[in-house]
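*Asks:* Take a look at this one; I'll ask things after.
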Amino acid sequence: MSCPVIELTQQLIRRPSLSPDDAGCQALLIERLQAIGFTVERMDFADTQNFWAWRGQGETLAFAGHTDVVPPGDADRWINPPFEPTIRDGMLFGRGAADMKGSLAAMVVAAERFVAQHPNHTGRLAFLITSDEEASAHNGTVKVVEALMARNERLDYCLVGEPSSIEVVGDVVKNGRRGSLTCNLTIHGVQGHVAYPHLADNPVHRAAPFLNELVAIEWDQGNEFFPATSMQIANIQAGTGSNNVIPGELFVQFNFRFSTELTDEMIKAQVLALLEKHQLRYTVDWWLSGQPFLTARGKLVDAVVNAVEHYNEIKPQLLTTGGTSDGRFIARMGAQVVELGPVNATIHKINECVNTADLQLLARMYQRIMEQLVA
């Protein structure tokens, strides 16, 4: 017996949509949504395909997701070609199965079932889909959100289909995410011969006490919703490769994943004060990829928890851990934002897979969320 959720997931996996190439995935989704009365607006920017679709009017629940995937890696190490979906022992294998073509299929099938049962639903059901989430994310959801905000588009609730679950579908729901701030720092010295250090100024030696103090800072202790802010050095480079040359510069890149206890400006001020304390000559460049956001208990969180409890008989954990997602952009619209999706154990890995029963369950959960908020 065929299942529409699994069939649509397989059709999407067959399209090798390496970010930001959509490879025809959105055309497939748009066709299905238009068939049930959705108005679809293409919102492409540069090399990225996006669309905003809606049906009905009033209080708005949007489902958000991305059609792009990360590269599959060595295809020979997959049990089957990564873009040829295969089911083995109840598991659907293929790049994007869990992140996040399975969620997209579950959303669309849930919408089809919902509209069939509630053709005159009282609220507005919407979709925000992009092909640029896995790579730069410069021309995807962020640009769509900016365009929607510019025309005062209404968005009350948003369900992002990122793979939030750990062991069983719905055991973890993300009701927020930490902020992400990256510092690209260059410490300037004077290049010279290692035998004549008095004629040079070693930026590595200069920077060492600063870096030692930086990594020892306890930025905050977190709060009931967020873990403590984390700072990690990601890259550090200096030198010419020769053992007799004192380098002229040291480059270090470090990233903060920060809670709502801090702002990006507070972090910047503390780092700059530390640089001045150590009397370093430097240039610095900051990249804020997202502010922290939190959706407290309310109608959306309650609807999601209810759907999970109804179909999986478990109470989901509400967490804000993990990396960033497009939810950080959508939260700017003032919407309640929650992430609910499949188990994330194999995302971005060789042999990415998802339990087919989980996708069927996810579609039912999504439909129940629609019924609670916009029926």
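For all residues, glycine too, the Cβ spot is worked out from N, Cα and C.
Not my notes, these are from Swiss-Prot:
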{"type": "ACT_SITE", "residues": "D68", "note": "active site"}
{"type": "ACT_SITE", "residues": "E133", "note": "active site, proton acceptor"}
{"type": "BINDING", "residues": "H66, D99, E162", "note": "Zn(2+) 1 binding site"}
{"type": "BINDING", "residues": "D99, E134, H348", "note": "Zn(2+) 2 binding site"}
*Asks:* Near D68 (active site), which recorded positions out of D99, E133, E134, E162, H348 have their CA within 10 Å?
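*Replies:* Those close enough are D99, E133, E134.
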*Asks:* Would you mind ranking the recorded positions E133, E134 by how many other Cβ atoms sit within 10 Å of each Cβ and giving me the lowest?
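*Replies:* Comparing Cβ neighbours within 10 Å for the recorded positions E133, E134, E134 has the fewest.
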*Asks:* Using the Cβ center of H66, D99, E162 as the Zn(2+) 1 site position, which other residues in that chain lie within 8 Å, going by their Cβ?
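*Replies:* Going along the sequence, the neighbours come out as G65, M100, S103, E133, E134, V160, G161, P163, S325, G341, I347.
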*Asks:* Restricting to the chain of E162 (Zn(2+) 1 binding site) and a gap of 6 or more, list residues whose Cβ falls under 8 Å of its Cβ, or answer none.
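*Replies:* Those within reach of E162 (Zn(2+) 1 binding site), by Cβ under 8 Å and sequence separation of 6 or more, are G65, D99, M100, S103, K174, S325, G327, E339, G341.
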*Asks:* Expressed to the nearest Å, what is the distance separating H348 (Zn(2+) 2 binding site) and H66 (Zn(2+) 1 binding site) at their Cα atoms?
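*Replies:* One finds 14 Å between the Cα atoms of these residues.
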*Asks:* Counting other Cβ atoms within 10 Å, pick out the least crowded of the binding-site residues H66, H348.
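*Replies:* H348, out of the binding-site residues H66, H348, has the fewest neighbouring Cβ atoms within 10 Å.
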*Asks:* Rounded to the nearest Å, what's the C-alpha distance separating H66 (Zn(2+) 1 binding site) and E133 (active site, proton acceptor)? Just drop the number here, would you?
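*Replies:* With the alpha carbons as reference points, the distance is 6 Å.
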